[in-house]
Amino acid sequence: MKMTSIQQRAELHRQIWQIANDVRGSVDGWDFKQYVLGALFYRFISENFSSYIEAGDDSICYAKLDDSVITDDIKDDAIKTKGYFIYPSQLFCNVAAKANTNDRLNADLNSIFVAIESSAYGYPSEADIKGLFADFDTTSNRLGNTVKDKNARLAAVLKGVEGLKLGDFNEHQIDLFGDAYEFLISNYAANAGKSGGEFFTPQHVSKLIAQLAMHGQTHVNKIYDPAAGSGSLLLQAKKQFDNHIIEEGFFGQEINHTTYNLARMNMFLHNINYDKFDIKLGNTLTEPHFRDEKPFDAIVSNPPYSVKWIGSDDPTLINDERFAPAGVLAPKSKADFAFVLHALNYLSAKGRAAIVCFPGIFYRGGAEQKIRQYLVDNNYVETVISLAPNLFFGTTIAVNILVLSKHKTDTNVQFIDASELFKKETNNNILTDAHIEQIMQVFASKEDVAHLAKSVAFETVVANDYNLSVSSYVEAKDNREIIDIAELNAELKTTVSKIDQLRKDIDAIVAEIEGCEVQK
């Protein structure tokens with residue numbers, strides 16, 4: 001019996017995680033992740049490149065060709081199209097085939113990765129390819145203390161990834177690579193606790209955020225994430241909508257070097273060509289990229305919660321075009337609103353931004369209240385959604401989603417209380433498709449629904465000191481049992497009379513027993 005795609009996927013996931021655990025030995029999974037993820041990426045680009053060269057011609061097997069038959073023209077054309085070049089001898093399948101007997105495996109892998117990256121030098125793809133394998137350190141002691149140990153561990157990784165049933169490239173199973181990669185990242189994040197949440201947004205939450213940002217748009221120029229992590233949020237937009245809807249591609253910035261490389265690999269693994277994505281490394285708040293590429297029609301983000309930033313210690317920031325309109329900077333101890341104002345500045349007139357936020361920023365005073373006033377007075381706040389707790393890796397906090405828009409048709413602010421919409425699954429809660437659909441329905445209609453959603457007039461928000469806390473406007477359902485006092489008194493009366501009767505019965509029995517004893 002043929003397995004269904006769901007069964008195939010479940011089996012693949014089981015196999016991947018088993019391999020990931022088998023090959024790491026005593027090394028912590030979190031520290032070893034770049035080797036498994038890197039090997040998966042290496043296999044992907046090798047098969048992707050071979051498929052491009054063969055172009056559907058069954059008479060050609062690129063992996064069996066000799067490197068010497070490759071002309072400069074073939075190489076030049078390939079790099080212009082794919083962004084990189086891999087010689088037949090450098091392909092994953094050829095390296096993996098000899099891995100167990102290659103006593104120079106770690107050196108050979110390093111040379112191959114350097115060659116792949118350097119093949120893009122001087123081409124438009126150079127920045128997208130450069131440093132992709134930087135975290136795949138073939139000399140690291142995490143692999144073992146001796147060269148022999150290192151090679152054995154590397155061979156185990158390659159052989160493990162080689163054995164994954166990821167389908168033929170020509171069988172439209174390309175998404176299996178991306179799916180396998182996302183599954184691995186998700187599992188590493190779940191097992192890493194707090195640090196895992198910093199680079200991966202769970203797919204169910206990503207789905208909601210992508211739908212909020214893209215709602216009602218038949219096409220967007222490009223989509224942007226100012227705190228991109230591993231790219232999972234950006235890619236969710238690709239999964240939710242046809243490719244042609246996002247015309248110019250995917251843009252993001254990430255501060256952590258390892259995570260930045262994961263994000264770029266993730267783009268390739270989801271078959272996004274180098275000219276359709278641009279992920280930059282750096283601090284979004286103090287060294288923002290893409291000033292020339294803005295505005296963006298869709299912005300999605302799950303920035304770090306309440307991190308410290310330089311804020312008022314940098315006198316130039318209050319005059320920065322992103323922060324100046326609000327007249328105040330986000331507190332140095334809580335950068336949340338700095339990310340919000342950055343996103344707003346990068347948003348187009350027809351666009352939407354959906355940003356995951358720490359709930360405190362919606363009710364605290366001081367600078368944060370002034371920023372809320374700026375956002376509300378200028379009618380940028382479309383919706384605030386409170387989510388259930390424990391939806392994210394590394395935190396049990398019940399976070400909010402802030403939806404910003406520059407094309408609202410009224411001055412109301414919508415509040416949605418989705419804190420009861422969740423399903424318990426292992427250690428975390430999840431949003432089901434039905435939950436997401438329910439949230440999107442009320443978001444789209446803007447109708448008031450008891451205990452779920454309320455559209456609040458601008459004047460009411462102002463009168464409430466610009467408090468944007470969902471609980472201030474959506475009345476929570478009272479789950480306490482309603483007690484009927486009259487009914488309770490009647491039951492009490494009946495119970496008391498029963499007790500009185502029982503006492504009389506007991507007294508009679510006692511008297512009878514005592515009478516019998518006297519007669520004796």
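A Cβ is built for glycine as well, from the same backbone N, Cα and C atoms used for every other residue.
The region 'N-terminal domain' annotation in Swiss-Prot covers 10-190 and is backed by a curator's inference.
Positions annotated as region 'Catalytic domain' by Swiss-Prot, on the basis of a curator's inference: 198-473.
The Cβ neighbour count for Phe200 (S-adenosyl-L-methionine binding site), using a 10 Å radius and every protein chain shown, is 27. Residues or ranges marked as S-adenosyl-L-methionine binding site by Swiss-Prot: Glu198, Phe199, Phe200, Thr201, Pro202, Gln203, Ser230, Gly231, Ser232, Glu254.
Note: the region 'C-terminal tail' (481-510) comprises 26 helix, 0 strand, 4 coil (DSSP; helix = H, G, I, strand = E, B). Under the heading region 'C-terminal tail', Swiss-Prot lists 481-510.
Cβ packing within 10 Å was compared across the binding-site residues Ser230, Ser232, and the lowest neighbour count falls to Ser232. Within its own chain, Pro202 (S-adenosyl-L-methionine binding site) has Ser186, Leu391, Phe392, Phe393, Asn428, Ile430 as residues 6 or more apart in sequence whose C-beta sits under 8 angstroms from its own.
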